[in-house]
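Novice: So TrEMBL says this about it:
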- 359-380: region 'Disordered' (REGION)
- 361-370: compositional bias 'Polar residues' (COMPBIAS)
- 371-380: compositional bias 'Acidic residues' (COMPBIAS)
- 414-491: domain 'Recombination activating protein 2 PHD' (DOMAIN)
- CYS419, CYS423, HIS455, CYS458: Zn(2+) 1 binding site (BINDING)
- CYS446, HIS452, CYS478, HIS481: Zn(2+) 2 binding site (BINDING)
Amino acid sequence: MSLQMVTVGNSMALIQPGFSLMNFDGQVFFFGQKGWPKRSCPTGVFHFEVKHNHLKLKPAVFSKDSCYLPPLRYPATCTFSGNLESEKHQYIIHGGKTPNNELSDKIYVMSVVSKNNKKVTFRCTEKDLVGDVPEGRYGHSIDVVYSRGKSMGVLFGGRSYIPSAQRTTEKWNSVADCLPHVFLVDFEFGCSTLYILPELQDGLSFHVSIARNDTVYILGGHSLANNIRPANLYRIRVDLPLGSPAVECTVLPGGISVSSAILTQISNDEFVIVGGYQLENQKRMVCNIISFKDNKIDIHEMETPDWTPDIKHSKIWFGGNMGNGTVFLGIPGDNKQAVSEAFYFYTLKCAEDDVNEDQKTFTSSQTSTEDPGDSTPFEDSEEFCFSAEANSFDGDDEFDTYNEDDEEDESETGYWITCCPTCDVDINTWVPFYSTELNKPAMIYCSHGDGHWVHAQCMDLAERTLIQLSEGSNKYYCNEHVKIARALQTPKRVQSLKKPPLRSLHKKGSGKIITPAKKSFLRRLFD
């Protein structure tokens, strides 16, 4: 196992706890930024590539017939193979939290429409469910099992808000364990059926799930009601005959106590568990290897990575599975330093580089769940009380690498610059001036020279005028350059040539008379 520190460009602010990573044929994509998608990436999905220990994110592209996919944090995801060639490799996304702290109960299917050396185009469709529809939740798992030539989704666990009748102002965002029910979801017909299994007594969140053929293994997890991480290991087997499905659950020995761990696959029959927590404020520093042989599961500890002091001493960590035996980890920055990054990131390779790309066992696991922006800097049980498109990033790519400066930086975009000698916009004291402003001052582009941005407020623009200018295509010049622009655009006055009257062509006393034919010739000459 090798641990490498990763540097991140200007897109670091996008990577917050609760994101998901999706691997489409070796290309990794990032999903689940904490806020709504930014204007430079309306899809909220980014190509996620690490080269020479440097991470770059690039906005992904969706087809025109795709539905809107909101940024969801802590959803359940898994891979799925359809019957058609176009459905060869898909991702199922269920649940998660929206930036408005609402819980989603929708199911989305993400697939690749086209792929070339420049970009990958996705299609996202929403699946409507009927029957026993699972409530909106997060921290759960969804897997796909295959039996008798058919497939079915298996959904289990998670947390949800307390019933609306019990929600008060003080407990509006309080959550509780979902009931320990198992849902079978038919993705083809959109049917969902609930099963109550006596072996499952507690609702578990942030557990590890592994699907193999017709079986799902549930390992670890956290029970919010009891505040425990039981060392349970469940085997849920699904039989799909022509009639009703048969679901059975068996309690197996040899489980481990862990929550919020990351699962990655290193071979056809071997998986590695990295990270997670064993107590509320204690990270689980050991790693486990899970082996399958003759339909038996074996879990044992493996060689521990050479964790850095920062990782050892941090109270929280989070990350996701990049596929191919590689895990992406993040820890909070050191606030004691004068200049500190929000997070530090690492990649942990648990397998050799020659892992077969075609090895596809359909797996699902929950990533680490800490969110310092919403909770105390402790383990996942407290956090939720809430309280690409290119193969390379060369300069000739069709799309620019996502630049956080376009959204948040104050120096490049000029939101907090001094736009004119009388500018009084200050980052520390600024308050919204126009009704259309949210968290940044409205700006307008001056077309003088190479162009520059100025604050609409400093230019004494009425809001109605600002809206009209933003809707039109006319050039705008700020107060300092408007006189120069007018001088350049206004042509100088030129005195017009006076035409001599025709009668002056007949000189008095000359004795010569201009005939009508000569008059016509002279008129054409002077006209």
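Cβ from N, Cα, C; glycine included.
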Novice: Tell me the Cβ contacts of CYS423 (Zn(2+) 1 binding site) under 8 Å, same chain only and six or more apart in sequence, or just say none.
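Specialist: Looking at Cβ-Cβ distances below 8 Å from CYS423 (Zn(2+) 1 binding site), excluding near sequence neighbours, one finds ILE417, HIS455, CYS458.
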Novice: Reported as an integer number of Å, what is the Cα distance between HIS481 (Zn(2+) 2 binding site) and CYS419 (Zn(2+) 1 binding site)?
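Specialist: Here the two Cα atoms are 12 Å apart.
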Novice: Starting from the Cβ of HIS455 (Zn(2+) 1 binding site), draw a 10 Å sphere and report how many other Cβ atoms land inside it.
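Specialist: Result for HIS455 (Zn(2+) 1 binding site): 24 other Cβ atoms within 10 Å.
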Novice: Give the number of CB atoms, excluding that of HIS481 (Zn(2+) 2 binding site) itself, located within 10 Å of its CB.
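Specialist: There are 17 of them.
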Novice: For the binding-site residues listed here, CYS419, CYS446, CYS478, which shows the highest count of neighbouring CB atoms within 10 A?
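Specialist: Per the Cβ count within 10 Å, the most buried is CYS419.
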Novice: Expressed to the nearest Å, what is the distance separating CYS446 (Zn(2+) 2 binding site) and CYS419 (Zn(2+) 1 binding site) at their Cα atoms?
Specialist: 10
Novice: May I have the list of same-chain residues other than CYS446, HIS452, CYS478, HIS481 whose Cβ is within 8 Å of the Cβ centroid of the recorded Zn(2+) 2 site, in sequence order?
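Specialist: Nearby residues not in the site list: TYR445, SER447, HIS448, GLY451, VAL454, TYR476, TYR477, GLU480.
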Novice: Would you kindly give the Cα-Cα distance separating HIS452 (Zn(2+) 2 binding site) and CYS419 (Zn(2+) 1 binding site), rounded to the nearest Å?
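Specialist: Each residue's Cα considered, CYS419 (Zn(2+) 1 binding site) and HIS452 (Zn(2+) 2 binding site) end up 9 Å apart.
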Novice: Which chain neighbours of the Zn(2+) 1 site, leaving out CYS419, CYS423, HIS455, CYS458, have a Cβ atom within 8 Å of the mean position of the site's Cβ atoms?
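Specialist: So the additional residues around the site are ILE417, THR418, CYS420, THR422, ASP424, VAL425, PRO441, VAL454, GLN457, MET459.
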Novice: Including all protein chains shown, what's the count of other C-beta atoms within 10 A of the C-beta of CYS458 (Zn(2+) 1 binding site)?
Specialist: 21
